[in-house]
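Here's the structure, in structure tokens; my notes come after.
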Amino acid sequence: MKFEDLLLEIGGFGRFQILILTMLCLPRINVPMHFLLHNFLAATPSHHCAIPHQEAFVNLTMEEVLLISIPRNLDGTFSSCEMFSQPQFHLLLNSSLQPENKSLIQHCQHGWVYDHSQFTSTISTQWDLVCEQRGLNQATATFFFIGVTMGAMVFGYLSDRFGRKAMLQLSLVCSVAFGMLSAASVSYTMLAVTRTLTGVALSGLSLIVLPLGMEWVDVQHRTFTGILTSIFWSVGNMLLALAAYLVREWHWLLVAVTGPCLLSIVCLWWVPESARWLIAKGKVKQAHRHLLRCARMNGRKDFAEDMPLKMYAQRMVLQREYMGNPRGNYSYISLFRTPVLRKISLCSGVVWFGVAFSYYGMSMNLTGFGLSIYLSQFIFGAIEIPAKMVMYVLVNRVGRRQSQAWTLILTGVCIGANIVIPKPFTSLRSVVAIMGKGCSEAAFTTVFLYTSELYPTILRQNGMGYTSFLARLGGALAPLVFLLDEVWRSLPEVTYCGVAVCSGAVAFLLPETLNVRLPEGIEDIE
């Protein structure tokens, strides 16, 4: 007897499942508020070199002081990283006469002055992470995603070994602890370390919430469950824009986005362990207790037989013995031991890398569209909801594979289009960017649902951990690619475009899972 048959007996999607999904959606909101926090935590406002002895220029306006102290860029704006070694008073007579003697121009010697009209403080203004130190600013996001990458491997394995719920609780508690420590950072090193550890902890939320919900619903409602859970990611995106708009100081912004994890910890006590996992681990009595609770809440009070569970548990034991693993303890190596599973693992890993790389590449580029950074963040979050609604129809009509491939390819096309659209066409660039963001989110929504259906129950969290590892690797590299604009201004966009299109092509190599039962063991895959 398959687990789906048991779910049908107790109600595959009733009040019990709705309660679980509601509780799991709360921690889901917390995830994007940290994952995309870099947009505001490390925002760099306009700045210029601090001008020494500025009080000597009391008869000059601020514009005139800048004119004689700061060289101009080719576009006429004042340089952010250079200053004149001595005041150039002749520029007051003719500002178009820039000094031909380059020796008069030097790097900032006395620090920087920042525009605080938009941000009270960020880590850029706190520790002067600009100009030569710009790489450290971008590296903050990379450190966070390195933590998420490590956490994906750790929580993927541990949740298959010790259970989904226990690891989800541990993830939430650690997220609160490290998030608050990040807010209390007194040095860049402390912030880098605590943000990395926060990434490790939050990876558990990102990794476990969807599979735990999916393992409690029947086949017909799997797509709905995946889409519903991902909608709350978009809600978190929009709430981040609101929180950042209201809280302009980076310490308190970290507190504001970490605090909701406390509510999630409380709500998680009502969420049961995955019955699928309990049965796969031979814990039949615990699974039976949760299934009886589910049956009562769904109005199926006649469900009291334990024979189907025993038959199912026995089948799992035989299956483990067949695969040469009588204890049922699988590792990441198991993902590559058999031919079909090996192909799935390799291809899904490439797809996840491409999805995350292009998604975070777009999500962390909120400028250049003629909109404020807060409005861009809100719109980028809001456009994801209709994109998810469209995917709800598409994945059930055209299938998971086609949806996954074409959303990634279209993401690359939109990124590529904005390379050739001139900068002055801000409205057109905004529309194309929003369309690309919608396609990118559609690809992310699909890949979570698709991957959870590709791997068997006994390896599902290992599979999600492995693919999430590659996704977070893509997320870690995405902010560093922005530094390539020093080589060629359009090189970052070209890179995002190429990776998105290539990974979309790889998605065509994966098997279709539309209306297919979740595989229980490796033999179901092979």
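The chain as shown is numbered from 1 upward.
Note: Cβ is positioned from N, Cα and C throughout, glycine not excepted.
In TrEMBL, annotation is done automatically, which means it is predicted and not curated.
Positions annotated as domain 'Major facilitator superfamily (MFS) profile' by TrEMBL: 87-515.
Here TrEMBL flags 139-158 (among others) as transmembrane segment.
Remote same-chain residues near the transmembrane segment (170-191) are listed as 27, 30, 34, 123, 127, 129, 136, 140, 151, 155, 197-198, 200-205, 208, 251-252, 254-255, 257-258, 261-262, 264-265, 268 (criterion: CB distance under 8 Å, separation of at least six residues from the stretch ends). For 170-191 (among others), the entry in TrEMBL reads transmembrane segment.
Look at TrEMBL and you will find 197-217 (among others) tagged as transmembrane segment.
Cβ atoms under 8 Å from those of the transmembrane segment (224-246) belong to residues 21, 24-26, 28-33, 36-37, 39-40, 209-210, 213-214, 217, 253, 256-257, 374-375, 377-378, 380-382, 384-385, 388-389, 391-392, 441, 444-445, 448-449, 452 of the same chain, restricted to positions at least 6 beyond its ends. For 224-246 (among others), the entry in TrEMBL reads transmembrane segment.
Same-chain residues lying 6 or more positions outside the transmembrane segment (252-271) and placing a CB less than 8 Å from one of its CB atoms are 19-20, 23-24, 26-27, 29-30, 33-34, 37, 40-41, 165, 168-169, 172-173, 175-176, 179-180, 182-183, 212, 240, 243-244, 246. Per TrEMBL, transmembrane segment is recorded for 252-271 (among others).
Annotation source TrEMBL lists transmembrane segment at 344-362 (among others). Long-range contacts of the transmembrane segment (344-362) within its own chain (CB-CB distance under 8 A, at least 6 residues past either end) are made by residues 35, 145, 335-336, 380, 404, 408, 411-412, 415, 433, 436-437, 440-441, 443-444, 447, 450-451, 454-455, 463, 466-468, 470-475, 477-479, 481, 492, 495-496, 499-500, 502-504, 506-507, 509-511, 525.
Annotated transmembrane segment per TrEMBL: 374-394 (among others), in sequence order.
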Can you name the far-off residues of the same chain, 6+ from the ends of the transmembrane segment (374-394), with a Cβ under 8 Å from a Cβ of it?
32, 36, 39-40, 223-224, 227, 230-231, 233-238, 240-242, 244-245, 362-363, 366-367, 403, 407, 434, 437-439, 441-442, 445-446
Quick one: average pLDDT across the domain 'Major facilitator superfamily (MFS) profile' (87-515), no decimals.
86
